[in-house]
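First the structure, in the form of structure tokens, and then the observations on it.
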Amino acid sequence: MSEKECLGKMTNITPETRIMMMRGEDGRQGYRRQILAALAVSLGPFAAGLSKGYMSPAIASMQEDRLHKGSFTVSDQQASWIASLSLLGALVGGILGGMAMRIGRRSVLLMTALPYTVAWLATALSTSVDMISVTSFCGGMLVCCITMITQVYVTEIAVPEIRGCLSSVLKILSQIGFLISFSLGAYLNWHQLALVVAAAPVLLFLALLFIPETPSSLLLRGKEEEAADSLQWLRGPDADIRQELATIRTNILASKQYHDGRAGKFKVLLSKRLTRPVLITCGLMFFQRFTGAHVFNFYAVSIFKKTFRMMNPHGGAIATSVVQLLASCLSGMLIDNVGRLPLLMISGVMMSIAFAGFGSYAYYDYVFRNTTDLTQTVQGSYDWIPLLCVLTFTIAFSLGIGPISSLLIGELFPLEYRSTGSALATSFSHLCGFVNVKTAADFQYYIGLYGLFWMYAGLAVLCLLFVVLFVPETKGREIDEMDPKYVESLCINR
């Protein structure tokens with residue numbers, strides 16, 4: 001049979017048939033190595049979680065610390081720059097990471113791990129707001145490369161049956177890092193906490209030495225023998241990988257033929273294969289970043305100080321991170337069984353209610369703070385209300401839009417566009433994050449804490465509408481490299 005005939009046959013069979021063809025009787029034995037590889041790269045999101053959880057206690061420490069020689073205090077505006085510059089750096093990192101990803105997923109992770117450690121060592125030694133701002137920017141740039149590429153790595157090595165679960169492992173490790181930073185932040189100052197964060201990328205570098213590059217990346221660069229070795233390692237020594245390897249190879253050829261039939265690069269870039277996934281993923285990233293759950297991670301201690309009367313703000317932040325971790329674990333168990341869309345819709349409904357509730361409490365506290373009725377009540381008797389609202393929107397965010405928006409970046413983009421598409425979506429995500437974190441203090445000044453969270457409630461409602469109208473279900477599907485025409489079918493089809 002000619003290559004062209006083989007190409008036609010391979011691209012016309014159904015996704016379900018491909019799964020059956022590629023999974024032999026011993027297919028499940030390969031799960032163990034895929035899990036080990038996912039755990040190895042998940043040390044990248046673990047380091048990212050440490051850095052994300054660092055900001056809230058560190059900013060509180062910087063604003064209070066007047067005891068140690070060489071330390072400095074920062075204003076609210078300076079704190080917003082320190083927090084948001086890491087996201088501005090991530091915007092640059094997304095672009096650079098997308099370009100560098102073409103030389104290999106594992107290779108880029110190895111190149112960025114140790115410089116990330118250096119950035120955090122520099123943070124620990126910072127002696128001014130300007131210096132810590134520079135290190136925040138550099139750290140954000142490097143961590144964006146790491147988190148973006150680890151998601152793509154897991155997407156490319158995992159079979160559909162466990163892909164969503166393994167992707168959730170990345171989020172779970174990130175939440176564990178987040179929890180560790182919040183917990184240690186109650187006892188360590190910002191210098192000491194930065195040294196803890198600096199240790200994590202070293203563990204990532206060491207773990208990467210024991211896992212292979214992704215087969216798809218190797219085949220895309222013409223390294224067939226290395227791709228076969230990688231796929232064999234991932235699927236297990238007794239697995240028959242010939243069909244799966246041939247399918248990936250054939251669809252890479254199909255992608256090249258597809259583009260050869262297009263007139264000019266500009267039309268290729270405007271094709272549905274790229275534009276639709278970009279619009280869907282960027283839409284989700286917009287709503288993921290412009291929520292109170294995201295900005296709360298940076299200002300948790302400060303916000304709790306404004307709403308709590310008796311409860312310890314650090315204790316509230318730690319409780320929030322524990323719930324975030326548990327919700328991420330629950331998402332990992334549900335995402336491949338329930339599906340992406342139901343979790344996204346539940347997330348949107350719960351977040352809108354919780355944001356509205358938190359905003360209402362903040363308004364009540366603002367209006368009646370000095371009234372006779374409020375002062376006659378037991379001090380701190382209402383602290384459970386804002387805490388409950390925060391825990392609710394934290395669960396909603398970690399259950400749905402938090403992990404799933406990142407997962408869809410890896411699932412919706414075809415192989416030849418995966419580096420470009422991931423860079424666009426990730427960079428846009430961090431641009432939105434930068435704007436949200438930087439302007440949160442300004443919005444709070446002009447419309448109050450209650451107005452800020454009412455605004456987030458409205459955005460959560462719009463997020464729900466966007467999910468219902470535009471986001472496709474990808475549960476159980478092969479990633480798009482197995483079907484060059486799949487992305488063109490993404491539309492309002494429910």
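Using the three backbone atoms N, Cα and C, a Cβ is placed for every residue, glycine included.
Annotations in TrEMBL come from automatic prediction, not curation.
If you look up TrEMBL, you'll see 37-475 marked as domain 'Major facilitator superfamily (MFS) profile'.
Sequence-distant neighbours of the transmembrane segment (35-59) (same chain, 6+ residues past either end, Cβ-Cβ under 8 Å): 74, 79, 82-83, 86, 109, 113, 116, 120, 139, 143, 146-147, 149-150, 153-154, 157-158, 162, 166, 169-182, 184-186, 190, 193-194, 196-197, 200-201, 203-204, 207-208, 210-212, 234, 297-302, 314, 317, 321. What TrEMBL lists as transmembrane segment is 35-59 (among others).
Per TrEMBL, the feature transmembrane segment maps to 79-101 (among others).
Here TrEMBL flags 108-125 (among others) as transmembrane segment. Sequence-distant contacts of the transmembrane segment (108-125) (same chain, six or more residues past either end, CB-CB distance under 8 Å): 41, 44, 47, 51, 97, 100-101, 131-132, 135-136, 138-139, 142-143, 145-146, 149-150, 153, 191-192, 194-195, 197-199, 201-202, 204-205, 208.
Using a Cβ-Cβ cut-off under 8 Å and counting only residues 6 or more beyond its ends in the same chain, the transmembrane segment (131-154) has close neighbours at 37-38, 41-42, 44-45, 47-48, 51, 81-83, 85-94, 96-98, 100-101, 105-106, 108-109, 112-113, 115-116, 119-120, 122-123, 163, 166-167, 169-170, 174, 201, 204, 214, 406-407, 409-410, 418-419, 422-423, 426, 430. Positions annotated as transmembrane segment by TrEMBL: 131-154 (among others).
According to TrEMBL, the transmembrane segment annotation covers 166-187 (among others). Within the chain, the transmembrane segment (166-187) has long-range Cβ neighbours (under 8 A, six or more residues past its boundaries) at 34-35, 38-39, 41-54, 56-58, 60-61, 147, 150-151, 154-155, 158, 193, 196-197, 200, 297, 300-301, 314-315, 317-318, 320-322, 324-325, 328-329, 331-332, 335, 398, 402-403, 406-407, 410.
Taken from TrEMBL, the feature transmembrane segment applies to 193-211 (among others).
Annotated transmembrane segment per TrEMBL: 316-335 (among others), in sequence order. Remote same-chain residues near the transmembrane segment (316-335) are listed as 53, 56-57, 164-165, 167-169, 171-172, 174-176, 178-179, 182-183, 185-186, 296, 300-301, 304, 308, 343, 387, 390-391, 394-400, 402-404, 407 (criterion: CB distance under 8 Å, separation of at least six residues from the stretch ends).
Residues or ranges marked as transmembrane segment in TrEMBL: 342-364 (among others). Below 8 angstroms of C-beta separation, residues 291-293, 306-307, 331, 334-335, 382, 385-386, 388-390, 392-393, 395-397, 399-402, 404, 448-454, 456-458, 460-461, 463-464, 467-468, 471 of the same chain, each at least six residues beyond the ends of the transmembrane segment (342-364), sit close to that stretch.
The transmembrane segment annotation in TrEMBL covers 384-409 (among others).
Per TrEMBL, the feature transmembrane segment maps to 447-471 (among others).
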Q) the transmembrane segment (193-211): which same-chain residues, six or more beyond its ends, come within Cβ distance under 8 Å? A) 36-37, 39-41, 43-44, 46-47, 50-51, 54, 57-58, 61, 106, 109-110, 113-114, 116-117, 120-121, 123-124, 146, 177, 180-181, 184-185
Q: Six or more residues out from either end of the transmembrane segment (447-471), which same-chain residues have a Cβ under 8 Å from its Cβ atoms?
A: 279-280, 283-284, 287, 290-292, 303, 306-307, 340-341, 344-345, 348-349, 351-353, 355-356, 358-363, 366, 401, 408, 440, 492, 494
Q. Mean pLDDT, the domain 'Major facilitator superfamily (MFS) profile' (37-475)?
A. 82
